[in-house]
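Peer 1: Annotations per Swiss-Prot:
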type	residues	note
ACT_SITE	S175	active site, nucleophile
BINDING	A62, G63, L64, D65, K66, T86, N139, N172, K217, T245, G268, G297, Y318, S319	FMN binding site
BINDING	K66, N111, R112, M113, G114, F115, N172, N177, N246, T247	substrate binding site
Amino acid sequence: MLYRLARAGFFQLDAEKAHDLAIQNFKRFTGTPIDLFYRQQLPNRPVECMGLTFRNPVGLAAGLDKNGECIEAFDAMGFGFVEIGTVTPRAQSGNDKPRLFRLVGAEGIINRMGFNNLGVDNLIENVKKAKYSCVLGINIGKNKDTPIEKGAEDYLICMEKVYEYAGYIAVNISSPNTPGLRTLQYGEALDELLVELKRKQAELEEKHGKYVPLALKIAPDLTDDEISQICQSLINNKIDGVIATNTTLDRTMVEGMKYAQEAGGLSGRPLQSRSTEVVRLLRKELQGNIPIIGVGGVDSYVAAKEKMLAGADLVQVYSGFIYHGPGLVRDIVKNL
């Protein structure tokens with residue numbers, strides 16, 4: 001009820017202004033009596049995945065807390081894991097505004113943010129100050145002005161800097177809002193990137209005395225053959241996990257709606273069916289050998305259960321959280 005009232009106010013604002021205001025308020029109120037409005041004590045539903053123990057299988061997807069400013073707030077809401085980022089080596093402002101749109105009737109969101117963030121060094125300082133008990137994922141990407149043929153260098157820079165502080169590292173090669181980025185999902189380009197990442201992982205494991213798993217985040221807009229090839233690359237390179245999926249460029253489910261024609265990636269309920277199908281295809285190809293984190297349209301317990309029945313070991317929420325608030329996490333975890 002309280003969240004519905006707050007949402008009504010936030011939804012009167014431009015979508016990005018509402019997002020920024022929410023982040024400011026979470027930073028301001030966490031640790032004060034006001035955080036009782038969103039702090040939740042949830043039952044333990046422990047899951048072993050990627051060599052880590054998650055207190056429950058419901059996580060916050062990357063993109064909401066790009067700079068790691070509100071880890072404590074999301075931890076207080078009971079998430080089993082929180083994925084911050086996407087972060088790049090250098091700060092960048094992202095694409096021109098407006099770049100975030102709500103499709104309220106479909107409970108969807110279109111964004112073309114473009115990896116706006118304050119840079120990896122800023123994120124690390126925020127992580128070092130935070131106190132939390134959930135698993136922390138850090139999602140890394142490349143700067144827009146880094147040529148795609150040198151993209152691996154950006155991932156390696158970020159990986160080296162976040163490794164010490166991450167529970168796992170998510171490698172984002174599937175955002176539709178950075179030109180050319182999705183080409184890294186295919187063939188030799190993917191294999192070359194994964195080889196470099198695994199080499200760096202081994203080097204950093206020796207340096208820090210701990211193994212931090214790597215998860216690859218993929219797009220929903222892939223053919224069955226492309227998914228099969230990605231799976232072979234994941235297996236061959238011993239990648240620890242796969243996150244399925246990022247946002248979609250397809251507009252079939254929202255055709256004719258206000259903002260449907262806006263460029264960018266579509267998330268939320270319109271993505272649920274396709275992202276779940278990708279999870280199912282991954283499970284078939286990977287045969288349980290590599291864990292799957294299912295994301296895309298998880299806006300209820302039933303949607304989360306669909307992802308898990310399709311083969312997801314963990315699930316993440318983002319758009320569903322925007323529309324339903326912390327109560328969504330509670331509803332999923334309590335019913336598992």
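Placed from the backbone N, Cα and C atoms, the Cβ positions cover glycine too.
Just tell me what is around each of these and how deep it sits.
Peer 2: Taking the Cβ of S175 (active site, nucleophile) as centre and 10 Å as the limit, one finds 25 other Cβ atoms among all the protein chains shown.
Neighbour density for K217 (FMN binding site): within 10 A of its CB lie 26 other CB atoms from the protein chains shown.
For the recorded site, K66 (FMN binding site), the DSSP three-state label reads coil.
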Peer 1: Where the record says A62, G63, L64, D65, K66, T86, N139, N172, K217, T245, G268, G297, Y318, S319 bind FMN, what is the longest distance in Å from one Cα to another among those residues?
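Peer 2: That value is 20 Å for the farthest Cα pair.
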Peer 1: Can you check what DSSP calls N246 (substrate binding site), collapsed to helix, strand or coil?
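Peer 2: The three-state answer is coil.
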Peer 1: Taking the Cβ of R112 (substrate binding site) as the centre, count every other Cβ atom within 10 Å, in any protein chain shown.
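Peer 2: A count of 20.
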Peer 1: N172 (substrate binding site): which of the binding-site residues L64, K66, N139, G268, Y318 have a C-alpha within 10 angstroms of it?
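Peer 2: Taking L64, K66, N139, G268, Y318 one by one, the ones whose Cα falls within 10 Å of N172 (substrate binding site) are N139.
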Peer 1: For the recorded substrate site formed by K66, N111, R112, M113, G114, F115, N172, N177, N246, T247, name the remaining residues of the chain with Cβ within 8 Å of the site's Cβ center, in chain order.
Peer 2: G63, T86, G94, S175, P176, T178, G264, G265
Peer 1: Tell me which of the binding-site residues A62, L64, K66, K217 ends up closest to N246 (substrate binding site) in space, Cα to Cα.
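Peer 2: Closest by Cα distance to N246 (substrate binding site) among the binding-site residues A62, L64, K66, K217: K217.
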